[in-house]
Ligand code: HEM
C-alpha cells in the first residue's frame, strides 16, 4: 500500500509541472482535444469571458436585428478590469484594434496573424536543449529593426511599422504588443475565436535565429519536423495553417499578387480546408504547395479532413494551438492571463441565415454588419 501511494505521488509530481505550462508537446493533439472536450483542457470549450458561464448564454443586451453573439464578453471596459496587471493593456488593445485595424478584418489584421507566427516560429526546442540563442514569441520583429528585412518576412513591413511605436508609447514589451496584435487580428475577422491573451513577456534575450521559418516548398516531413521542434503536434500544424483562410499571397507568385487562399477571405471560417483539398483550385484562389501537400499526405490528411465543414472542432483546436504559439519560449507561470480584455467573438452561426435555394446556412451580410457595428463599435473608423 505504502509503495502504491509513493508511486502515485511520484506520478503526480511528474505530471503537475507539465500541466502548468501551455505546451502541447507533452500531450498528443488528439488526446488534448479529447481532454478539452471533457473539460480538462487549458482554454475551455466556449468563448466565455472571465467567470463566464454561458454554455447556453444569450446576451440580454441583444436588440432588434442586432444578433446576439452568445458570448458574454461583449466589449470589456477597463473600468471593470478584475486584474490590475491587465489595466495597462486595455489602451494597447484599443490602439491595435482601433488605430491599426479600424475594428475590421483588414490587411493589417491579417498581417498581424502572420506576424505572430513569424515571431514565435523562430523558437526551437533543439536550440533550447543546446543552450544556444533562441527565438520565442518575444516581439523580436518589433525590437530588432533588421529582422523584418529578412526575405522570409517580406510583406510584414507595414504591420511592423504600425505596431513598432506601441511598446514605447504604452511602456509595455514588444512581445506583449506583437502577440496581443496576433490574437486581436484573429478576433477582428468575423468568426475568429476569442483566444486567451497572456502578457508579461520580457524584452527579447537575443536576435531571432535565421532560417527556421517554413517555406511553401518544404516537404510535409520537414514541416512536421520543424513544427515538432517548436513544440507542436501534427494537429496543431493543421489547425494553425487554417489561418490561411483569411490570407493573401503576394510574393510566392507576384503575377497573382493579392490572390486569396480561400473563397471567403473576409471570414475566419473552414472553407480553406475544402478549397485546398478539392482537385482544382476554385476560381481566384491561390493555394500554397505546402497546404495542398498537407491536405493529401498520409500523415496529415486525417487531421486536415476533420476540419472540412467543421468550424467547432477547428475553433477549439486553433485556439489551443494559437495560445501555445503566442507563449512559445515562456511558461504561463511567468505570464499573466489578460483574456478579460478580449472582446466577444463574432460567431458566424449567429449571423447566418438559410440560403433560399440550397437551405444551407450562409452568412447574411446585413446581420454580419449589424454585429460588427454593435460589438466593434469603439474601434470602427468613421
Ligand atoms: C506550413 C507552414 C506555413 C507556410 C509554409 C506559410 C507560408 C505562407 C506564405 C508563403 C504566405 C504568403 C506570403 C506572401 O506572399 O505575401 C503566407 C501568408 C500568411 N500566413 Fe502562412 N505559412 C505557414 C504557416 C502559417 C501559420 C502557422 C500562420 C498563423 C497561425 C500563418 C498565417 C498566415 C497569414 C495570416 C497570411 C496572410 C498574410 C496577409 O494576407 O498579409 N501561416 N503564409
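From the backbone N, Cα and C atoms, a Cβ is placed for every residue, glycine too.
Annotated in TrEMBL:
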SIGNAL    1-20  signal peptide
REGION    37-73  region 'Disordered'
COMPBIAS  43-61  compositional bias 'Acidic residues'
DISULFID  86-338  disulfide bond
DISULFID  105-189  disulfide bond
SITE      114  site 'Transition state stabilizer'
BINDING   119, 138, 140  Ca(2+) 1 binding site
BINDING   244  heme b binding site
BINDING   262, 264, 269  Ca(2+) 2 binding site
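Sequence features, as recorded in TrEMBL, placed on the structure.
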residue: 86; record: disulfide bond; Cβ contacts under 8 Å, 6 or more apart: 199, 336, 338, 340, 341
residue: 105; record: disulfide bond; Cβ contacts under 8 Å, 6 or more apart: 188, 189, 190, 192, 246, 266, 267, 268
residue: 119; record: Ca(2+) 1 binding site; Cβ contacts under 8 Å, 6 or more apart: 135, 137, 138, 139, 140, 141, 175, 178, 179, 182, 208
residue: 244; record: heme b binding site; Cβ contacts under 8 Å, 6 or more apart: 261, 262, 272, 276, 288, 291
residue: 264; record: Ca(2+) 2 binding site; Cβ contacts under 8 Å, 6 or more apart: 245, 271
Out of 138, 262, 269, give me whichever of these binding-site residues has the highest number of other Cβ atoms within 10 Å.
138
When the Cβ positions of the recorded positions 105, 114, 262, 264, 269, 338 are compared with the atoms of ligand 1, which fall under 6 Å?
114
Residue 140 (Ca(2+) 1 binding site): tally of other CB atoms within 10 A of its CB:
26
So which one is it: of the disulfide-bonded residues 189, 338, which has the fewest other Cβ atoms within 10 Å?
189
DSSP three-state assignment for residue 262 (Ca(2+) 2 binding site):
coil
Same chain, 6+ residues apart, C-beta under 8 Å of the C-beta of residue 114 (site 'Transition state stabilizer'), given in sequence order:
155, 156, 243, 247
Env. residues of Ca(2+) 1 site, Cβ within 8 Å of mean position of 119, 138, 140 Cβ:
120, 122, 135, 136, 137, 139, 141, 142, 143, 174, 175, 178, 204, 208
May I ask you to report the DSSP-based helix, strand or coil state of residue 189 (disulfide bond)?
coil
Could you name the residues, excluding 262, 264, 269, of the same chain that surround the Ca(2+) 2 site, i.e. Cβ within 8 Å of the Cβ centre of those residues, in sequence order?
245, 246, 263, 265, 267, 268, 270, 271, 272, 275
